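Engineer: Feature table excerpt (TrEMBL):
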DOMAIN    28-117  domain 'IraD/Gp25-like'
Amino acid sequence: MNDSDFLGVGWAFPVGVDKRGRIALARHETDIEQAIRMILLTPKGQRVMRPEFGCQIHDLMFAPMDASTMGLASFYVEEALKVWEPRIEVLEVRVQPDPEREERMLIHIHYAVKATHDKRSLVFPFYRIPGELPESTS
C-alpha cells in the first residue's frame with residue numbers, strides 16, 4: 001500500500017457535485033482536513049447509528065470563556081481526533097479567545113500525517129452561542 005492509498009479519497013465535505021455532475025471527492029491531505037472538520041462539527045449523540053461519533057466540545061456552548069473552558073475544549077478536540085482520525089498524530093491543540101469576536105474560540109490544531117510525516121495545522125473556529133455560524137466561504 002502506498003501513501004496515497006492510506007491517505008485516501010472520500011466524499012468532499014460539505015457534500016457537493018463536481019463539474020461533471022458527479023459526487024465531489026476530496027483527496028489525500030484535503031480529505032484528512034475535511035474529516036477533522038466533520039468530526040469537530042458533529043456533536044456526540046447526533047448520529048443515530050453511531051452516537052459516540054463526534055466531539056464533546058458542543059457541551060461547552062454556554063460555558064464562560066475562561067481557562068477551564070478552554071482547557072476542556074482542548075481536551076475534547078484532542079480526544080475526538082485521536083479516536084476518530086487514525087491517519088494523523090495530534091501534536092498540539094491550543095485554544096484561545098478570538099480577539100475580534102467574544103463568542104468565538106479559535107482552536108489551533110497541529111498534527112502530523114502518519115503516512116508521510118507531513119506536519120500540518122488548521123484553525124477551527126468554535127462559536128459558543130447558538131445561531132452564530134461562520135460566514136460562508138463559498
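For all residues, glycine too, the Cβ spot is worked out from N, Cα and C.
Curation plays no part in TrEMBL annotations; they are all automatic predictions.
Fair warning: this is a prediction, and the values are worked out from it, not measured in the lab.
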Engineer: Provide the three-state DSSP residue tally for the domain 'IraD/Gp25-like' (28-117): helix first, then strand, then coil.
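Structural biologist: Computed counts for the domain 'IraD/Gp25-like' (28-117) are 37 helix, 22 strand, 31 coil.
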Engineer: In this predicted model, what is the average pLDDT of the domain 'IraD/Gp25-like' (28-117)?
Structural biologist: 93
